[in-house]
Amino acid sequence: MTVKSIRRAYHVIRTALHYGLDDLLPPKLTPWYFKLLRYCFFWLRNQHKDKVGGERLKLAMQELGPVYIKFGQMLSTRRDLLSDEWAEELAMLQDRVPPFDSAIARESIEKELNAPIERYFNDFDDTPLASASISQVHTATLKSNGAAVVLKVLRPDVEKKVHADLLLMSQAADFLERLLGANNRLRPAEVVEDYRTTIEGELNLKLEALNAIKLRNNFIDSNALYIPYMYEELCFTRLIVMERIDGIPVSDKVALEAQGTNLKLLAERGVELFFTQVFRDNFFHADMHPGNVFVSREHPNDPFYIGLDCGIMGTLTDEDKRYLAENFLAFFNRDYRRIAQLYIESGWVSADTDVGAFEQAVKVVCEPMFNKPLDEISFGHVLLELFRTARRFDMVVQPQLVLLEKTLLYIEGLGRQLYPQLDLWQTAKPFLEQWMAEQVGPKAMAAKVKQQLPYWAEHLPELPELIYDNLKIGRDLSKNQNKLLDRYLKHQQKAHKSNYLLITSAILVICGTILLNQDATLWPSYGSIGIGITLWVLGWRSRPKNRKI
């Protein structure tokens, strides 16, 4: 470790102790000498004993800076690991940092463009439109067509700072993992690795641009979602240029009501958009918090969403989608046995899991939910409780499902904020049933056959040769099996004959020796011994040789 990283580690530990985070660890992890070392090296006591654990963790992460703030925000979505109280505390973390010098921003932009800003842009505004922990946004006008655009540029040296903090987090997680043991529910190393994947994706702005282009193409003719245009030729790893949009933040319900927005339709479209992205396109926006979602000012009676920041996207396999859809349908049919079977069939939990015990655990969690009307049941909450239950049966973490659960909770929260009477089940059920019918019905079978036709057309001419080769192999195998069987039988016959001669010779020699000791007539005793020795020699010589059959 470098001096700089040691200093950073010291600061992180000191901050954690200042907020008494060590008090939140189980007693077996903090023996008497731990407190002694704490006072010797840091001279610190818990300064926030009056605050609950979740609030102390939030304050510590806030003080440690942007990387830890984003980590806290990510943790707030892992409600399969944290209690609701802790998750709600961490959800209040705000990714707001002072802007960096516009001269440095200009320098970074020109380095990516490999040209002066004035070559491509007019009216570049040195005052940033927004500033966050990873990047900063400036406005300008595109010189080529006069379009209003925004330039998003990474903060200077942000990659080094992020990787340095990630290294510390990984080391701390590994240490905690060893302390907590293999059966711990929190799995800190797994959580940090999940965060690493997320934040490293946000450090590559070119990837964000490509994601936005793909999502835009998926909804190019949609009346429900608009994704701003990306100027791909001006997009790089540390800089992207995109169309500037004018919309109302989805969280500003007062402004939406003031312009007469159809909030019921807007809320229902949000749910439909989510399921369309997941089940139709298999490519969904996984960071749809209110700061990334706007509503168009155009035709409020037929409103549509505007989506920003496509740095974090999710995908599911076809199997994941099928199991997920069946899970929801099984839940609303109260078929808990089927839910347990689906988790095992999908490989999310081990094949040797006790299905009956899992079914009962699911029933205990899910059955009370039906005390509420269907329109009040939360899809995200259902998924969350199922994941929490599955974790008790050693569910293998599924990062794509964690992203899905987080996004679903966001979508539900937004939908019910816009229109509290939103019935998610009535909105989603027809979509899920139609998708399932398309996957398992005659049309699905025909589509799969059609999809495989080019493959079979290419390989069909090889079929006669393959059949001939397989028949020949079968015939040769049959011949070889017969030969092996004959050799085995002969080997066994020789072995039996040899064993018979050796046993007989031993009996004759023993009998001859007994007769000789009893002073009997000599010739029978010597004859018995002689024949026995002869048979022993014959038996020994007739033994089958030890070679492979």
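The backbone N, Cα and C atoms fix where each Cβ goes, and this holds for glycine too.
Quick look at what Swiss-Prot lists:
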DOMAIN    123-501  domain 'Protein kinase'
BINDING   Leu129, Ala130, Ser131, Ala132, Ser133, Ile134, Ser135, Gln136, Val137, Lys152  ATP binding site
ACT_SITE  Asp287  active site, proton acceptor
TRANSMEM  498-518  transmembrane segment
TRANSMEM  520-540  transmembrane segment
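Overlay of Swiss-Prot feature records on the structure.
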residue	record	DSSP class
Leu129	ATP binding site	coil
Ser135	ATP binding site	strand
Asp287	active site, proton acceptor	coil
Checklist outcome for this item: Cα of Asp287 (active site, proton acceptor) to Cα of Ser131 (ATP binding site), in Å and rounded, measures 17
Checklist entry - Long-range same-chain neighbours of Ser135 (ATP binding site), Cβ under 8 Å, sequence gap at least 6? => result Lys152, Val153, Leu154, Arg155, Val158, Leu205
Next on the checklist: Return the count of C-beta atoms lying within 10 angstroms of the C-beta of Ser133 (ATP binding site), excluding that atom itself.
Outcome noted: 20
Next on the checklist: If you count CB neighbours within 10 Å, which one among the binding-site residues Leu129, Val137 has the smallest count?
Outcome noted: Leu129
